Amino acid sequence: MKVSLSGPLKGETTVPGDKSMTHRAIIFSSIAEGRSVIEGALLGEDCLSTVEIFRQLGVTIDLDGERLLIDSPGFNAFAEPAQVLDTGNSGTTTRLLAGLLTGLPFRTVLSGDASIARRPMKRIIAPLQQMKAAISGSYNDTRTPLIIEPSAVKGIHYEMPVASAQVKSAILLAGLHADTTLTIKEKVASRDHTETMLPLYGVDISRDEVITLSPGAINQVRPYDFRVPGDISSAAFLIVAALITPGSELTLRNVGINPTRDGIIEVVRQMGGDITVSDVTDDGEPTATIRVRYTSDLEPLTIEGEMIPRLIDEIPVIALLMTQAAGTSLIRDAGELKVKETNRIDAVVRELTKIGFKLTATEDGMIVQEGRNDIRAAVDSCGDHRIGMMLAVATLITGELDIDDFDSINVSFPGFMEQFKQLGV
């Protein structure tokens, strides 16, 4: 598909609801017996996969304007599905539900598309098996489909080997119906939406030096009406677009700024970008207004270590931003990018290099140099929504690009191109 963006971004807007929080709100609302309402839910393909699975489990989910109305019989009254539960392209759906479904009294099977079939599942299967969950995967428990049999799950003490919110959440969701205490210790904090949102739905969870979940927590889950903030991962594309486009002045309202997710803001500040955060509110999850202006003198930087989990999904567009800095930037400790929808290290470097940018892949990140050769070539989203949107933003620098499989952006940002048009691009 031929894609071209040009001209400054001017005005005020919001971004679609946060994908991570929408998934979790759907899950928790479906566990709770009764009616829950989700305002501002993201209705992209990934979250709709989660919706459809709970419908197959007997939960009634209706769309009312921009609200999801969820009427559930409760976890203990879920219906046995008649077929394999299709998680589509959603790693979050696959991994989180692998934990939750271990507590059901019947067999379930989770499987997704070709991208999901390539993504590693041992990282969730191993701790769930330690909890005595009867879960198995193909290729020696490393890939989907995942087969989950009835089992009596036990709480364990688990020390996270890598910072992964999906692994942590899978363990917590299995722990909801464990008959002994579950504790989790993180070396490096990952996004914490699961443990932040569970108390809103009535679950008593301790978050001191370790995360602690008491036995029988599944019985504490209650209906709750949740308003989903705007997704900072989606906002990142607009933020970078404004920073690199002369004349841009952009205001984004109701953006989630959870401190485990706000790394993009810190990176922009460290690069000297003109960005301000105001009107901070906190109704369970913090939100704010973000204002950003074009900045001509961006500085290079290195991102690594504990910063990486706070911006792991934004790295593709951050790499593009780094190409506009005066010098060489480095991204380190980002090996998790290799096991996303595609190998994002290779994809970012390969596709941006095709069109003249100067990047070099490393084992766990990339080197990004300033400057660009004026090269035109067809590029490929690799079926990855974040690569597709990053390449679209790149057209503000390169001019029109032919982006293969551009429809992949609908996974997380339906209406992406229309949003740019509304801002004058």
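The backbone N, Cα and C atoms fix where each Cβ goes, glycine too.
Remember, it's a predicted structure, so these values are computed and weren't measured experimentally.
For the phosphoenolpyruvate site, TrEMBL gives LYS19, GLY91, ARG119, GLN166, ARG386; the one candidate out of ARG55, ARG207, ARG344, ARG350 that the record lists there too is ARG344. When Cα-Cα distances from GLN166 (phosphoenolpyruvate binding site) are compared across the binding-site residues SER20, ASP313, LYS340, the shortest belongs to SER20.
The sparsest Cβ neighbourhood within 10 Å, among the listed binding-site residues (LYS19, ARG24, LYS340, ARG344, ARG386), is found at LYS340.
You'll find the Cα of SER164 (3-phosphoshikimate binding site) roughly 12 Å from the Cα of GLY91 (phosphoenolpyruvate binding site). In this structure, the C-alpha atom of SER20 (3-phosphoshikimate binding site) lies 15 angstrom from that of ARG386 (phosphoenolpyruvate binding site). The average pLDDT for the domain 'Enolpyruvate transferase' (6-419) in the predicted structure is 97. For ARG386 (phosphoenolpyruvate binding site), the nearest of the binding-site residues ARG24, ASP313, LYS340 in terms of C-alpha separation is ASP313.
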